[in-house]
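According to TrEMBL, the active site annotation covers 74, 132, 136. The annotation transmembrane segment is assigned in TrEMBL to 6-24.
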């Protein structure tokens with residue numbers, strides 16, 4: 001029988017192998033487990049733009065009088081009820097041509113507020129939208145199955161649950177620095 005000191009590295013190696021087999025989606029066979037809800041994450045440009053030190057063409061904070069003045073979309077994220085979330089579920093490299101008809105709306109309601117290139121799951125560095133699609137959009141099936149549907153659905157949810165407009169049922173307006181609205185898409 002092997003000594004205890006020899007068994008510890010073996011146990012650690014087996015645990016690491018099991019973790020690699022289970023993968024990032026919590027499934028031994030690599031299949032994504034079904035998520036419980038979507039989180040629509042919004043960001044307040046005023047806070048982020050106030051901290052901007054360097055300008056570049058991709059940073060909406062640097063548009064002068066055309067800078068965003070309302071909450072903008074950060075992303076639509078599938079989540080689990082246990083506080084975890086899937087990410088980078090399958091290899092699908094972002095293709096901006098797939099969303100070319102949405103670019104004007106995305107620039108206005110889902111702009112990048114940073115100069116640096118966002119990291120993506122499989123493509124290295126890229127657009128902020130590439131990061132959101134590869135990290136979160138690829139995990140949105142079976143509800144959302146492709147890149148175009150992910151972005152148009154996110155825009156539609158943003159407009160439907162618009163927290164930037166005071167509700168008619170309330171006589172006050174809340175000032176929020178960061179909002180995450182939780183909902184379940186009904187198909």
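Using N, Cα and C of the backbone, Cβ positions are placed for all residues, glycine too.
For the pair residue 74 (active site) and residue 136 (active site), the Cα-Cα distance reads 11 Å. It is 136 that, of the active-site residues 74, 136, has its Cβ surrounded by the most other Cβ atoms within 10 Å. Cβ neighbour count for residue 132 (active site) (all protein chains, 10 Å cutoff from its Cβ): 23.
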